[in-house]
Amino acid sequence: MDWTWSILFLVAAATGTYSQVQLVQSGHEVKQPGASVKVSCKASGYSFTTYGMNWVPQAPGQGLEWMGWFNTYTGNPTYAQGFTGRFVFSMDTSASTAYLQISSLKAEDMAMYYCAR
């Protein structure tokens, strides 16, 4: 019976640990074509440089699309095809925050942009 409680405790402890991970993004913004926007994603509950940060836009009426990821350990970005040039991933390690900057906004950039660990 003791081993059963140990297993249950380990499962509960693991669940509690993961539930503390949070990614908090900057608020909603409306910009005009040609403008720039910088979206932030503040991480907490884990070591920021242990996991990469993915960026995933969702255009109105469309599914999620992976636009790339940022290696928070090395600082190297990887961009999916179609997301180069105007799109820049960056980070502030001391603030555990990742950023997505989009310049020269176009109508087709209209989407919700999500960060994902």
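Glycine too: its Cβ is placed from the backbone N, Cα and C atoms.
What Swiss-Prot records for this protein:
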DISULFID  Cys41-Cys115  disulfide bond
DOMAIN    20-117  domain 'Ig-like'
CARBOHYD  Asn76  N-linked glycosylation site
REGION    20-44  region 'Framework-1'
REGION    78-115  region 'Framework-3'
So what's near the region 'Framework-1' (20-44) in sequence-distant terms, Cβ-Cβ under 8 Å and 6+ beyond its ends? 53, 95-107, 113-117
Can you count helix, strand and coil residues in the region 'Framework-3' (78-115) using DSSP? 6 helix, 18 strand, 14 coil
What does DSSP give as the helix, strand and coil breakdown of the domain 'Ig-like' (20-117)? 9 helix, 42 strand, 47 coil
